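In what follows, a single structure is set out as structure tokens and then discussed.
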Amino acid sequence: MSEMTPREIVSELDKHIIGQDNAKRSVAIALRNRWRRMQLNEELRHEVTPKNILMIGPTGVGKTEIARRLAKLANAPFIKVEATKFTEVGYVGKEVDSIIRDLTDAAVKMVRVQAIEKNRYRAEELAEERILDVLIPPAKNNWGQTEQQQEPSAARQAFRKKLREGQLDDKEIEIDLAAAPMGVEIMAPPGMEEMTSQLQSMFQNLGGQKQKARKLKIKDAMKLLIEEEAAKLVNPEELKQDAIDAVEQHGIVFIDEIDKICKRGESSGPDVSREGVQRDLLPLVEGCTVSTKHGMVKTDHILFIASGAFQIAKPSDLIPELQGRLPIRVELQALTTSDFERILTEPNASITVQYKALMATEGVNIEFTDSGIKRIAEAAWQVNESTENIGARRLHTVLERLMEEISYDASDLSGQTITIDADYVSKHLDALVADEDLSRFIL
């Protein structure tokens, strides 16, 4: 898992997300506490439970983006789910236990990649030997059995040198590779994904591990052989246990749109996709044991981060038990004009950088001036104020409208430099921004 300090985590998040310092700090502290807990003695470690977080803020201010970036930094099993996709147990739809199953699947995949990477050097050696066996077949005795040579022949060593230098990369060879497992696609109703995956694995194992001769260039064969040999060096049972340990000790679940499962007013009849889901989430967040195809997983030390806009509902509309299990509250602020300006220029891959790169593929050089950036930010903020406030997502709409003409004519503008300043922005957007009806439908 990540050993970054809270300051380093916030610094990394700053490269992609503007503002929202409180949310970044809370998430960074929660992530660091995962590492701190693992440094404790085993007895105390079991007593330290994660402090789950509830992020509250209007749409488009960076809640989901924080989760996306955190997933890359965490180096731990991580899954992001939408609260609206689940229903109460016993009704048609996904049940909340599938969150932990999906998290465990992600952990198995992550641990497998790490194990293969750890065995890569040995796998490369074995793959090299298999290719050399094809190029220079080993000597056989009178009974047709391969003789074990004490020392590699001079010819084999010469070919090994050429292979490592890449001189044989384009030479074609025929080599036996493990045949791809039989592809079986089973469509199952929601909530029965576990049974589907078990049936699929059963059908795939029916064929056994068959070898299939394939004709490939040496550089392509080497890649496939390295993967095959590395997979052989990995113990599946150890891998499953390591994955379950990783989920139990370091797993992070991000639940988005949690405000959409708040109860709205008085309603008769069962509320299976709202309050029912909240009730089902309680044992997961508090700590329970979930059965997965890889084994039993305890959720006591999984960190849960929930987020919601809470424009219609309020955090107090969540059932009290769930509120108590999300003790850390972080409020994200609505974005201002100056935030929009920073969003357009400061992140590593800001929208303006993306548009410049896209147009450069057609030979068109785009220049955004400071006055142009400021005017775009003002236009986006103005439309947000007069219609629905969708935060930074409005910048995509405004910029797409602004760049439409250039994008359409780009192939005819090759070699030209187009400067987008305040006058250019005003000319293309002022009429739309000023007319509230037009901006409501177009921007």
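Every residue gets a Cβ built from N, Cα and C, even glycine.
In Swiss-Prot this protein carries:
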- Ile18, Gly60, Val61, Gly62, Lys63, Thr64, Glu65, Asp256, Glu321, Arg393: ATP binding site (BINDING)
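Sequence features annotated in Swiss-Prot and their locations in the structure.
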{"residue": "Ile18", "record": "ATP binding site", "DSSP (3 states)": "coil"}
{"residue": "Val61", "record": "ATP binding site", "DSSP (3 states)": "coil"}
{"residue": "Glu321", "record": "ATP binding site", "DSSP (3 states)": "helix"}
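Site extent for ATP: the farthest pair of Cα atoms among Ile18, Gly60, Val61, Gly62, Lys63, Thr64, Glu65, Asp256, Glu321, Arg393 sits 34 Å apart.
In this view, the densest Cβ surroundings among the binding-site residues Glu65, Glu321 belong to Glu65, judged by other Cβ atoms lying within 10 Å. Of all the binding-site residues given, namely Ile18, Val61, the one with the smallest number of surrounding CB atoms inside 10 A is Ile18.
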